[in-house]
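Everything on this sheet refers to the single structure shown next.
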Amino acid sequence: MSLTIAIVGRPNVGKSTLFNRLVGQKLALVDDKPGVTRDRRIHAAKLQDLRFDVIDTAGLEEAGDHTLEGRMRSQTKAAIDEADLILFVFDAKSGITPSDLNFASLVRKSGKPIVLVANKSESKAATGGEYEAWSLGLGEPCPISAEHGLGLSDLRDAIIDAVGSERAFSNNKEEDMTIQPASVGDDIEDLQEEGLIYDESKPIRIAIAGRPNTGKSTLINSMLKQDRLLTGPEAGLTRDSISVDWEWRGRHIKLFDTAGLRRKSKIQEKLEKLSVADTLRAIRFAEVVVIVFDATMPFEKQDLQIADLVIREGRVPVIAFNKWDLIENSQATLIDLHEKCARFLPQVRGLRAVPLSGQYGQGIDKLMENIMMMHRVWNRRISTAKLNQWLEIVVAHHPPPAISGRRLKVKYITQVKTRPPGFMISCSRPKVMPQSYLRYLVNGLRETFDMSGIPVRLSLRASDNPFATRAKKK
């Protein structure tokens, strides 16, 4: 079983910087402003030959249990309960504060092994803070600089001393684990031959996106059946894109909770800009994006812009009408919402839209059934023979128009990629092909090969002119 380490401390001592250093990627948002991290985030990490899972946590603050800070503290306590070892981080440059003393007592009560980490020790002013740290009663401080990567060898040794060599290296006895940077943004080229088999062993990456306060984190907590993510009435609670592993009916899922996306004109703070960039990366890394609409006020301009972004990125869009428990005339409302989906988002015909209540856990199975169905379609490959049989029929039924007195000729079609399905048509004079005829072909592909509800790409290529080379030879 993998060693799990939680990074704990008051706000702005460098916990997220240390987390990013250990995982080898800039996953957690980092800013000079205190309280950037709100939810706990877990990821595979490596420190030289030592491998483990590390949890980044919200800064511990003294506040009532029902306040935002109090709920953040509950998330940190849950991380402490999950962990085998705690890295208690303090700011050596600033020295020990009353909050450090208070929270050191809380961490000691957990009974877990603790390594006291003196961060920002590259500063000349840090020596005094390291001496003060003995007052915490957590043993000898380990001086490091997470920002500059200093002292990490000593941190490795301190972790091994705290848990013992056998526990520290238990993961190495299992199959080697490689940590790779997340690939972001690019469509996945599929160069395999036809007849690609759908691989159910791979986890599906699902991002939960939407404007602020539509219930994204509440929905994920209902899926997991635990208070894994911070929720509340305040808009904009989520800042990082948090990934959580889940299993639904035997299928492995990786869920990404994202920060709410507002209109550009309202995004002013540097921290919110970082959150938005993190959300956009999560959308591009995902395969399926659940766009959460507030059913009591759906189809706001920002809802449609987020849906359009997901479609342009080529991901599988699925709309979740959340807060359905607040809707009175549910049947008539659902008919109206489906009609609006078709009217406001015509670029993806047959878009899946599911009513649900994240608060009460209603409609989640229906949502997941639609996700699984659309994910299969998104991965679909169609044989070239079937495509050209279809093309012959549709062109005979409705040939392309004549341009400047010359009829356009559509000759050949093949599928060049999946995820999303992409097709290339060989034709004469592709630059003058009307967009209306391209839409006719795309809609025909959707209908014939059952590809409704996902983006479909269609590109044109000029067919070879056999007389062009002869003319050049003359």
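Cβ atoms here come from the backbone N, Cα and C positions, even for glycine.
Taken from Swiss-Prot, the feature GTP 1 binding site covers 9-16, 56-60, 119-122. The Cβ of K15 (GTP 1 binding site) has 31 neighbouring Cβ atoms from other residues within 10 Å, across all protein chains displayed.
The GTP 2 binding site annotation in Swiss-Prot covers 210-217, 257-261, 322-325 and is backed by sequence analysis. Residue density at N213 (GTP 2 binding site): 16 other Cβ atoms are found within 10 A of its Cβ, drawing on all protein chains shown.
The domain 'EngA-type G 1' annotation in Swiss-Prot covers 3-167.
Taken from Swiss-Prot, the feature domain 'EngA-type G 2' covers 204-379.
Shown for the domain 'KH-like' (380-464): DSSP residue counts in helix, strand and coil, namely 31 helix, 24 strand, 30 coil. Swiss-Prot lists 380-464 with the feature domain 'KH-like', giving sequence analysis as the kind of evidence.
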Measuring Cα to Cα, how many angstrom lie between K216 (GTP 2 binding site) and T57 (GTP 1 binding site)?
20
Pairwise Cα distance for W324 (GTP 2 binding site)/T57 (GTP 1 binding site) [Å, integer]:
32
Neighbouring C-beta atoms (10 Å sphere around the C-beta of T258 (GTP 2 binding site)):
28
Coarse DSSP state, helix versus strand versus coil, of K216 (GTP 2 binding site):
helix
Distance check, please: Cα of S121 (GTP 1 binding site) against Cα of T258 (GTP 2 binding site), rounded to an integer number of angstrom.
33
Kindly state the mean pLDDT of the domain 'KH-like' (380-464) in the predicted structure.
92
Do you know which of the binding-site residues N12, T57, S121 has the most other C-beta atoms within 10 angstroms of its C-beta?
T57
In angstrom units, rounded to an integer, how far apart are the Cα atoms of T57 (GTP 1 binding site) and T258 (GTP 2 binding site)?
16
